[in-house]
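Colleague: For reference, the structure I am asking about is given below.
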Amino acid sequence: MSWDDGKHAKVKKVQLTFDDVIRSIEMEYEGTNLKSQRRGTVGTRSDGFTLSTDEYITSVSGYYKTTFSGDHITALTFKTNKKTYGPYGNKTQNYFSADAPKDSQIAGFLGTSGNALSSLDVHFAPIPTPGSIKPQPGGSGNESGGGGGGGSKPGGSGNESGGGGGGGSKPGGSGNESGGGGGGSNPGGSGNESGGGGGSGNETGKDGPGKMGPLGGDKGNIFDDVGFEGVKKITVGADQYSVTYIKIEYIKDGQVVVREHGTVRGELKEFSVDYPNDNITAVGGTYKRVYTYDTTLITSLYFTTSKGFTSPLFGIDSEKKGTEFEFKGENGGKLIGLHGRGGNAIDAIGAYFDTGSQGGKGGGGGSQTDVPGKKGPLGGEKGEEFNDVGFEGVKKITVGADQYSVTYIKIEYVKDGKVEIREHGTSRGELQEFSVDYPNDSITAVSGTYKHIFTYDTTLITSLYFTTSKGFTSPLFGINSEKKGTEFEFKGENGGKLIGLHGRGGNAIDAIGAYFDTGSQGGDGGDVPSKDGPNTDVPGKKGPLGGDKGEPFDDVGFEGVKKITVGVDNLSITYIKIEYVKDGKVEVREHGTARGKLQEFSVDYPNDSITEVAGTYKHNYTYDTTLITSLYFTTSKGFTSPLFGIDSEKKGTEFEFKDENGGKLIGFHGRGGNAIDAIGAYFDTGSKPGGNGDNGSGSNSGSSPQKLDAQGGKGGNQWDDSGDHDGVTKIHVAYSRVIEQIKFEYVKNGETKEGPAHGVKGGARTMIATFEISHPNEYLLSVKGWSDSSNKIVGIQFTTNTKTSDYYGFEKYPGDEGTDILLEVKDKKIVGFHGFADNQLNSLGAYFAPIASTPLKPSKKLQGVGGDEGASWDDGAFDGVKKIQVGQNNDGVSFVAVEYQNGSQKVVGDGHGKQSSLGVETFELADGEYITSVGVYYDKIHAEGRGVTVVTSLIFKTNKQISQPFGMTGGEYVELKEEGNKIVGFHGKASDWVHQIGVYVAPVTK
């Protein structure tokens, strides 16, 4: 829950409760009788402090940790002009702070809380003069809006000026100053000018050049703002569902003319433009169907100018905000009007751009240059200009950053074999370095973000990172959150190396750009960075990527891989053990240090082979080195391992190694010591792993889906939903004379993914249809249709294994001229789409995967029962179980191995545990029989001088019988099952015993 105490004269008292995290915070303020509510729940310990009358808070700092339920603050420290209070709680890895500017204090708090304190921000105010604070009766407060301040991590939102409601006043209350989120009157109201709901006068922009959209819903009243020269200011209102209101201050004949659309509701924010020196050149945002109102609404908006400034994101800022769109004027044309639909909210929006203008007077923005190899600058316009020219390369970069921005940059250039240093900005905050092995390696890309910082009322560079010709990437210097701003990337053409930076700097780095050598190829290696890692001179060799510490390893001379065991802790991949095959025998190689949780992934070699190695790497500040943070593997038959390692947004930079022709994995290389520092792969360039594949038409590479080229008309902008899905679940089609728009919903690992819309829905004559597919029992087999001389698809129809959709659009009859469309591959299903579209759908292509290759989804993993000892193993999910072998020793179950059914194939799983002299017993299922539950007995035994928990017996219940107990029925008993589902896979932990058993379940199919 979000909360905001507002801005007050001074903080009087702070009270906290905490245990492993900060559970709650509660404040009292001077100048008001208001006592804030307890924010959060009550912890086991309580502490706090009371300030003297001449004491005020100047800084708040703390630590937070990320859990499955989100970020939680674990420790807080408060500094005043007299002393330090705290730390309260427990210090963890992630640090944050908020410091009041000079001659200011922290005079209010805002944040989010639930079961614990999730985020904390602050309001700044001038230091009060002695005797100026007087109690206020009734707690009405003196100000309606708080002047957002600190920007403390995590998740803080206190950077919006005027935000946060009144100091103790209720919404619509009696605060004495209007503006900012809580005032009694409508902030930023229309004054004496009114544009009305439509505001279009007698002019219309229909079919005019430079018109884009509209996109969104079809309800509300039409508005059409035409006849203007530019935009000076935009005010946007938003609630928790959508953008509710928009007010535009246009320029016409040198005067301001106001138009308003929608309904003033929710928080109001403004974005001002330095017109005519700068102009809005792009309008972006999202729209989504809001089921509360049963209509589609605009859910977010943002605006970008010709000088590279980007507004805040107005509206919903989450993954659920809907379908993204962006309107841009051709050749940088400026925004001269908006159109769309509005009533109780903004239902739809579009834009008019001046087709004869070039943004603002400043030209087309920060990225246009007149010097070969010069990129940028981008960012703000304050600070002193700097321009580093005349150098040959870069050896080291040191970057300073605080909680708001990048504050300082120091570059060690190389010139005539000597190092020359240039410094820009102010050395403040944390300093970090990135070194380059120049001249063998060179920086070839400069990337980062910039954002308007309301605390300083200027745009600053908020983050930076650098990439080299050999594929190494620096840490992210600066802010690492969704609120870091607008992203940019400067790259040299043909991989040219960085030879200088330019921009603006003073108290911080306001803007940055780069010079690249137009005649060079990065470093001596000449490699252009890619997610496959640096290029090599060995066929089939990919990478390595990651850090440069640890000992090199190089596994060569093998034929394939049978099993991989991976060790992970909370920071990185610590260990990898590979069971290679050579001359029909298994040879083991181990790298790193066996530490943390161990998990296995087995391959049915030689019938199946690993064809893809992927994961992430990141700079680890605990060890001051870059490490591999996650790994996963994909086989030629479409099976994917679990994700080994860190599974969060903070896992780092992604990579993926695979052979262009689907060659099988035959070795690893990289660096390892206490952990896995770097990794690469060798693929067999002459093999087609794990089966014969399916040639078909289009491209086909082993485990990768087969791609059929787009069919239909010519033209349009290319789009690609990718083939990385298990299937298609919904198809949304908007059509009239042609197919105007199409959108697909996919499923991956049981989770639904909504793809973007392709094309633009038209007007009142547009018909909208949805075709639903009941995954996993139903799957899409083919698409047919046709396009006419307009190069648009005019009719389309979809067929699954159980039904055929209606024909959307016009069917083709004898005598009709056009191009036929047929997307179909024998024994394969469609798992993704690509194509071309502009305002309508021009052409459509598809990705295909074998029908039997994807495990029946959605499967669900039930938690294992038993002990925590032993190494983790996971067979994954299949279509069903055919046979189970169970071995026992004197204490309980010591061994388990399962044979699965996957389509028409049998898959023999690995054995887990250790077979004893007592041998194994087998439970085999008949055709049509499936397991509905597994009964597990487990107990603690004394072994190896300690107590260990082991599985003592297993009982299998099917739709036809109940097995005998395999083992001794003693100890705790749990039955693993889910109604209406069958067991389709097993996982657990094992050593010399089976310590734990868990299952995968999937719906029973008829």
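For all residues, glycine too, the Cβ spot is worked out from N, Cα and C.
Because TrEMBL annotations are produced automatically, they should be read as predictions rather than curated entries.
Pulled the feature table from TrEMBL, pasting it below:
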COMPBIAS  138-202  compositional bias 'Gly residues'
DOMAIN    1-126  domain 'Jacalin-type lectin'
DOMAIN    209-355  domain 'Jacalin-type lectin'
DOMAIN    372-518  domain 'Jacalin-type lectin'
DOMAIN    539-685  domain 'Jacalin-type lectin'
DOMAIN    705-850  domain 'Jacalin-type lectin'
DOMAIN    859-1003  domain 'Jacalin-type lectin'
REGION    121-218  region 'Disordered'
REGION    359-383  region 'Disordered'
REGION    520-549  region 'Disordered'
REGION    686-725  region 'Disordered'
Colleague: Going by DSSP, how much of the domain 'Jacalin-type lectin' (539-685) is helix, how much is strand and how much is coil, in residues?
Modeller: 0 helix, 90 strand, 57 coil
Colleague: Between the domain 'Jacalin-type lectin' (372-518) and the stretches 1-126, 209-355, 705-850, work out which stretch tops the count of Cβ pairs under 8 Å.
Modeller: 209-355
Colleague: Output the single range from 209-355, 539-685, 705-850 maximising the number of Cβ pairs under 8 Å to the domain 'Jacalin-type lectin' (1-126).
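Modeller: It is 539-685, which has the most Cβ pairs under 8 Å.
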Colleague: For the domain 'Jacalin-type lectin' (1-126), what are the DSSP-based totals of helix, strand and coil residues?
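Modeller: The composition, in the requested order, is 0 helix, 84 strand, 42 coil.
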Colleague: Summarise the domain 'Jacalin-type lectin' (372-518) by DSSP state, stating how many residues are helix, strand and coil.
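Modeller: Going through the domain 'Jacalin-type lectin' (372-518) residue by residue, I get 3 helix, 90 strand, 54 coil.
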Colleague: Treating G and I as helix alongside H, and B as strand alongside E, what does DSSP give for the domain 'Jacalin-type lectin' (859-1003) in helix, strand and coil?
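Modeller: The domain 'Jacalin-type lectin' (859-1003) comes out at 0 helix, 95 strand, 50 coil.
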Colleague: By DSSP, how many residues in the domain 'Jacalin-type lectin' (209-355) are helix, how many strand, and how many coil?
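Modeller: Across the domain 'Jacalin-type lectin' (209-355), DSSP assigns the residues as follows: 3 helix, 90 strand, 54 coil.
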